[in-house]
Structure formats: structure tokens, C-alpha cells
Amino acid sequence: MRTAIASGLMVIDGIISIVMGLHLENTLLVSAVRCLVQLTIMGFLLEDVFATRNPLLVLAMSSFLIIMATYETVFSKCKRRHTGMVFSVLSSLCISTIAVSSIGGMYALNARPFWYPYKFIPTLGMLLGNCMTGTALGLNTCLTSATENKERIESYLSMGASRWEAVRPVAIEAIRNAMLPTLNNMSIMGLISIPGMMTGQILGGVPVLDAVKYQQIIMFMIAASTAMGSLAAVLICLHTVIDKTHRLRLDRIYVSGSLLMRERKGLKRTTRFFFGAGSSPVSSSSDELWRGVVIV
């Protein structure tokens, strides 16, 4: 009953959409229904997983969450895509969130074993939600910048720059855009906003200071996983867009079309990437980044 009353507030969104001509009525309805259905199903599933404490069920649940996060990132949040993007995003999200959830859960949240479902699955879900957004922002920036700065990149390559030297400004801008939302959220917590996890715990009767402690831990874990995931996704993206012969391959960037048929071609490149790659230091503005390219 309380959920039904709260859902009535969505009428405000519908009125704004109709009055302003936003044409979001169908999207609002679908989003609201998805929210209700998905969270209800998730609740029933989590009850069973928490009750059994079976590591195989935890693995299955974690795999499902990562696959769905990959799908949303590639097919819903990214306007441009590159060959092999499904596998690169899947690898980036999996490595970053699993690593941070395991280490943070064991040592910061005191979960024994690290896959203890009451702590591991909710933590993984929060990390995935934020890492997914950061990764999508980074990839959108990366692919857009590589397309719009085609002439600059090709001129650097023609003058003898390596592929990493030529696209260093693109990588810096993309990773900055991916990390800034999380850093901005961290800077205003407790001063302007009360985070959702902390609010939920307080409403559930958890002591306030305990809720504060858990929120701090989760935010630091979110920042780490977002940085790792976006860094890996952007570097793999640039590794794909500029091949090993240092040629800019815009034919590997596209806006629409059948994605799955192209993913097989990028799987080998994505796998090879993890055997060696470098990162770059961070600078400030886009123009300064491009002026700072040094060709050796």
C-alpha cells in the first residue's frame, strides 16, 4: 500500500512531461513498471540466496548482475560503440567490481568468508551501478573525442608519435569525465546530501554512527571500482581504435547496427590487451591536453 502511494508521485513527472512536451510518458511508465517488477524479483531471489549461503548461488547471482550491467552499459548508455565492446566492458566491470568487493568486503566490512551473501551481493550491486555509469561516460567521451579529433590524431601518428602518445589527451579527458561524478558525490555527502544507503539503514533502525561508517566504506569502494573499471575500458577502447601498426581505425567505431556480429572480431584484441598496457598522467583542460602532446 505504501509503495502504491509513493508511486502516485510519478504523476508529477507525467504532468511535467505532458506540459513541456517532453514525450517521456511511455518511458516513465516503462521505467516505473520495471522498477517495481525487477526489485520484487530481486527481493525473492535474494531471500533464497541469503538463506542457503551457497557459494554457487552467490556466483550465479553475481554473474547475472555483471552481465546485465554490461548489457545496459553497451546497449543503453553508450551512443557510440567499438568492435569488441561487449567483451571489454564485461572484463572491465568484472575485474574492478569483483576485486574491490572481495578485498573491501573482507577487510573493511569484515565479511568472512569474502563471499558472505548478506554483504557481498548488495555491495557488488552498488559498485556495479556506479562503475557502469562511470564506464559509459568514459567510453562515450573517448569514442566521441577520437572521432572529432581524427585529423589531430592522424597528424601526430604521421609525425612519428606512438598510439599512446597520440591519444593521451583522449584518455585523460575520458577518465576524468568518468571519475568526476563519483568524486563530486563524495565531496557533498554529509554537507548537502544524505546518501541512499545511509538513509535506508537509518530508516531500518541501524544506529546513525554505524550507518555513517558503512556509507563511508562503500563510497571509497565505489570510487576505487569506478576508477579501475573506467581506466580499463578506456584503454581497451583506445587499443582497439588505434591498431598495433599505429593506424587510426574509425571503421571500428559505429553508432548503430548489429553489435553482436562485430564482437567476435574484437575478442582476441581484448584478451591480448590484458597482457600489457600502460596508463597516462592526468591533466586539466582539453586544449591543454592536446597542446601537451610530445612526440618523441
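Each Cβ is built from the backbone N, Cα and C atoms, and glycine gets one as well.
Per TrEMBL, the feature transmembrane segment maps to 6-24 (among others). Within the same chain, residues 32, 36 sit at least 6 positions outside the transmembrane segment (6-24) and bring their C-beta atoms closer than 8 Å to a C-beta of that stretch.
Positions annotated as transmembrane segment by TrEMBL: 56-74 (among others). Long-range contacts of the transmembrane segment (56-74) within the same chain: residues 45-46, 48-49, 81, 85-86, 89-90, 93-94, 97-98, 115, 117, 120-121, 124-125, 128-129, 131-132, 135-136, 139, 259, each at least 6 residues beyond the stretch ends and with a Cβ under 8 Å from a Cβ of the stretch.
Residues annotated as transmembrane segment in TrEMBL: 86-108 (among others).
Look at TrEMBL and you will find 120-143 (among others) tagged as transmembrane segment.
Marked as transmembrane segment by TrEMBL: 186-206 (among others).
Using a Cβ-Cβ cut-off under 8 Å and counting only residues 6 or more beyond its ends in the same chain, the transmembrane segment (218-242) has close neighbours at 82-85, 88-89, 91-93, 95-97, 99-101, 104, 108, 123, 126-127, 130-131, 133-135, 137-139, 142-143, 146, 153, 157, 163-164, 166-167, 170-171, 174-175, 178-179, 182-183, 185-186, 189, 195, 197, 248-250, 252-253, 266, 269-270, 273, 277-279. Here TrEMBL flags 218-242 (among others) as transmembrane segment.
Same-chain neighbours of the transmembrane segment (186-206): 126, 212, 214-215, 218-219, 223, counting only residues six or more beyond its ends whose CB sits under 8 Å from a CB of the stretch.
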